[in-house]
């Protein structure tokens, strides 16, 4: 057997024994471009036993076959360590995977590199799961046992399948304490959950809020509220369970918990529940699992006496089941996302109540059956676990033999080529330095944060740290809540002076949609912000105008800004009592006729001259006008004014009739609406009771 150094075209090199044109004996080989290194024994070009080191510092120590890891060996990948069997490059059939910085581990059977079959999963806080696995997830039947509540770890991740995430192979096998897992959409669960505790006395974030009239309708909201009074999520049940020292805010470490919902504001009810629960309370779940979550039939029981038997969905009570309280009382019915929505209490129809009770009994029987199967599967998993431990011990011996072969190969490579670069030890040094730096950073960051800010120590990946404790940036703009509200900009042409608005001319408060009117053009314009029906309603509320007016006074008030009579005073008739004319400039309800428009332009008063007309008391001033033009003008304008007055009188009569109709219709419409609402409520209640 000869030996030496051989350089390949891809940048790799081999230094060691050689026979028949192939690596044989002991030797050291680097991969393409010098990346990666294998040192150990060879058999005509294939690895037999040795150590492979990746550029990241990950290593495999064990046996090989046909160029793949096969047999027994130990893989160090990030902060995870696998010890056990290998089959054609994949983990399995039996093996153990554990975390180097926590107590999290899996012991059992494997298939294609994933947990598959039966095994035991132990979490960082000491909780365990024994049962079936499929494709790296808890699937089938199993038993989940938690540690005492005071020792259970707080789950801060918004999305996580397991406490230490024994599923992921990404990022060199290292999974951050709060790293997300791709398990599908999440359901809002109680805030601050604890590992292994899924019997929640709190409803979901949406159901925990008091149902309003406008969320799901007035009728459905009230009916839902009355039906769920016996639920563990109701307010009355919360108070009773607080007295019995039970708690919520808990879910399984494999469940998904959201801190964004229910963790802020005065409605955060997780703190009192966490404070009142007994620290020695434990919880056990026995039943079905689907896709790493409690789904199907199962039994969950706490050491304090709280027990649920029935159907589950995504770690929540969902379906028909029965909850037994610590004091012996029971509630049973249909659950929907942890809330009892259809119970057997206070039922109107006994037939429907019996159907619900039958479904509850079926759910309880299925849960007890599933619990018995889960206990059997847990016993099988325990036997598989003991076998996996034996394989792990054998893998440790295989790793020792592989290291011996690696040392022989390194010694031979130095003898054959002293200048040959061996990258393996350098990779491992880099990995050790990186781990030391990460550990020092994780130790320094909580010290800097804790004394300075008084905040509890949390992982830096924790979303709760960002959601609830991140202060506002100091250099940013001030909060919008602190700035005074900007004044509303007036509309074009508006004026703050009340005398320039249409309502001010008429002695009324101006409306929101009205536009200001100037003496020249405001009398004949309509406000674009109001429809014609609105103007009719507003006109109807005005005081009734006088039956007739004095044309001369109305005519000459437009010229002199006060009432003037040119002819000799005559005793006015009874229907011509002098009254102020608030309605003269307001004609915005209808488009004016050409004659009335000319009269209104002449009659529009000057600004700020609001002297009421007193024709009965004023004495006429001596005016010397030209006789013939005045008479002609007076005759023409009086004729036009009489026509306009007739039209105005007709319009005002129509407005008064509309007002009377509105007043007559208002009372019956209100009573009719109330009667319809009451009738709908009665029909809805009867319909719901008949359906359920």
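Residue positions begin at 1 at the first shown residue.
Every residue gets a Cβ built from N, Cα and C, even glycine.
Taken verbatim from Swiss-Prot:
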type	residues	note
COMPBIAS	474-487	compositional bias 'Pro residues'
MOD_RES	162	phosphoserine
MOD_RES	440	phosphoserine
MOD_RES	442	phosphoserine
MOD_RES	462	phosphoserine
MOD_RES	470	phosphothreonine
MOD_RES	479	phosphoserine
MOD_RES	483	phosphothreonine
MOD_RES	527	phosphoserine
MOD_RES	533	phosphoserine
MOD_RES	589	phosphoserine
MOD_RES	604	phosphoserine
MOD_RES	609	phosphoserine
REGION	164-190	region 'Disordered'
REGION	246-273	region 'Disordered'
REGION	439-661	region 'Disordered'
REPEAT	14-36	repeat 'MORN 1'
REPEAT	38-59	repeat 'MORN 2'
REPEAT	60-79	repeat 'MORN 3'
REPEAT	129-151	repeat 'MORN 6'
MOTIF	345-359	motif 'Bipartite nuclear localization signal'
MOTIF	488-492	motif 'Nuclear localization signal'
Chain residues in Cβ proximity to the repeat 'MORN 1' (14-36) (below 8 Å; excluding those fewer than six residues from its ends, i.e. six or more beyond): 1-6, 8, 42-45, 52-55, 405, 408-410, 412-413, 416-417, 420-424
Within the repeat 'MORN 3' (60-79), residues counted as helix, strand or coil by DSSP: 0 helix, 16 strand, 4 coil
Helix, strand and coil residues within the repeat 'MORN 2' (38-59) as assigned by DSSP: 0 helix, 15 strand, 7 coil
For the repeat 'MORN 2' (38-59), the mean pLDDT of the predicted model: 94
Summary of DSSP states over the repeat 'MORN 1' (14-36), given as helix, strand and coil counts: 3 helix, 15 strand, 5 coil
Counts by DSSP class (helix H/G/I, strand E/B, coil) across the repeat 'MORN 6' (129-151): 0 helix, 15 strand, 8 coil
